[in-house]
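Asks: Pasting a structure below so you can have a look.
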Amino acid sequence: MDQLKISRKRLLETIAVSAAIGATANGGLHRLALTEEDRKMREQFITWLKEANLEVRIDDFGNIYGRREGRNADGPAIALGSHLDTQPCGGKYDGVLGVLAALEVVRVLNDNQIETELPIEIINFTNEEGARFTPPMLASGGLANEFTKDYIYSRKDENGITFKEALENIGFLGEEKNRIRHVKHFIELHIEQGPILEKENKTIGIVKGIQGNNWVTVKVIGQTNHAGPTPMEHRKDALVPAAKMIIKINELTKEIDGLKTTVGKVYVKPNVTNVIPGEVEFSVDIRHEDNELRMYALERMKEQLSTIALLHDVEMDMTTDWHSDTVEFSPAVIQSIKNAADKLNYSSMELFSGPGHDAKYMASIAETGMIFIPSINGISHNEEELSLDSDIEKGANVLLQVVLDLAKALSKKQIGA
Ligand SMILES: [Zn+2]
């Protein structure tokens, strides 16, 4: 079975059909979750699943499954997939690749009459992007009980339409009993959405997990006063120490290897030309794959910011708004991906994912792993998002080998052929 390969032509043609549903003038895709475009894509996807003789199910979150039975019908499934929704004016690969490459893998198994010991399920997750309904990864989070059904159903888009209404409107409100339950592994092929593979000149990214992060709000409180009469030495300007803090937060990444910090939002009060700012609030996004180092970085940041506040005689308050620990993927899946890349003679490297993916939540119900392929210039969530055809082919070939391994492909002898 070593020579078994996916069909590059067929996979690219399938991706091209998807790329036409919600296409933008600049070559991107605008296919928000549960819209008319998403409905069209879902119908097309189901047609493909049925053509591949898969049994189709839709669950209460609108997730679509296509199941290929294994010899052991009661055995746990090997699940593959990602999402067909996109950002507004997003790219045509993002999650689409993971879903359609999974379909291609099953087509190859069918063409070659390969039986597997364990059943295989392809999944298209609803609303991964979070562009129409926040937060992202809503439906995989639902499967993992990260969000309750009531919470998911009550999420509203900007026009006040709830998630449940949107599901009903496009005819994709399925049943709870259709959710995937008995699942051993989940594997997601995805574009990297970052520049590392391209920079390191590697084709296959073996994803070790998803980087954790903390969102913190920092408030600096000084005193508002008139810009004219107040002497410099009598001011409690909140913005000057805040500016120093922002620089310190950026410099902290030089102290701790692998740390990423971003200040993305700043509010100045009262934000008036001739008034000394009395209050500044800014956000910090802080990421590191090592949970302990990330917590250490937060402590260090607090110390440094407190010192700056003290020197400027202002108050400083730091609150954590949200945090998500690093999710580590299954060693068995990581090993299987590595073996596949080696066997196919593709260059590979291990790395962590910066962004979240459905795999993050699937990791709590299945032994999970992800395969990355390079994104040209690290660009994604953009119409210019691009991955090379040759890398798409290689990523899908790795996925095929991993499925043959984990779903336990039976040899011709075992089948009795
Ligand atoms: Zn994605």
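One-based numbering along the chain as shown.
Each residue, glycine too, has its Cβ placed from N, Cα and C.
Unlike curated records, TrEMBL annotations are generated automatically.
Note that this is a predicted model, so its numbers are computed, not measured.
Checked TrEMBL, it gives:
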BINDING   H83, D94, H190  Zn(2+) 1 binding site
BINDING   D94, E129, H381  Zn(2+) 2 binding site
DOMAIN    210-309  domain 'Peptidase M20 dimerisation'
Asks: If you count other Cβ atoms within 10 Å of each one's Cβ, which of the binding-site residues D94, E129 has the most?
Replies: D94
Asks: Measure from the Cα of H381 (Zn(2+) 2 binding site) to the Cα of every one of the binding-site residues H83, D94, H190, then give the nearest.
Replies: D94
Asks: Report the binding-site residues (D94, E129, H381) that meet this criterion: Cβ distance to the nearest atom of ligand 1 under 6 Å. Use sequence order and write none if nothing qualifies.
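Replies: Correct list: D94.
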Asks: Cα of E129 (Zn(2+) 2 binding site) to Cα of H83 (Zn(2+) 1 binding site): how many Å, rounded?
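Replies: E129 (Zn(2+) 2 binding site) to H83 (Zn(2+) 1 binding site), Cα-Cα distance: 8 Å.
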Asks: In this structure, which of the binding-site residues H83, H190, H381 has the fewest other Cβ atoms within 10 Å of its Cβ?
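Replies: Relative to the other binding-site residues in H83, H190, H381, H381 has the fewest Cβ atoms within 10 Å.
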Asks: Can you give me the average pLDDT across the domain 'Peptidase M20 dimerisation' (210-309), rounded to a whole number?
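Replies: A mean pLDDT of 96 is what the model gives the domain 'Peptidase M20 dimerisation' (210-309).
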Asks: Can you list, in sequence order, the residues of the same chain other than D94, E129, H381 whose CB lies within 8 Å of the CB centroid of the Zn(2+) 2 site?
Replies: D85, T86, Q87, G90, G91, G95, E128, A131, S380
Asks: Counting by DSSP secondary structure, give me helix, strand and coil numbers for the domain 'Peptidase M20 dimerisation' (210-309).
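Replies: Per-class counts: 39 helix, 32 strand, 29 coil.
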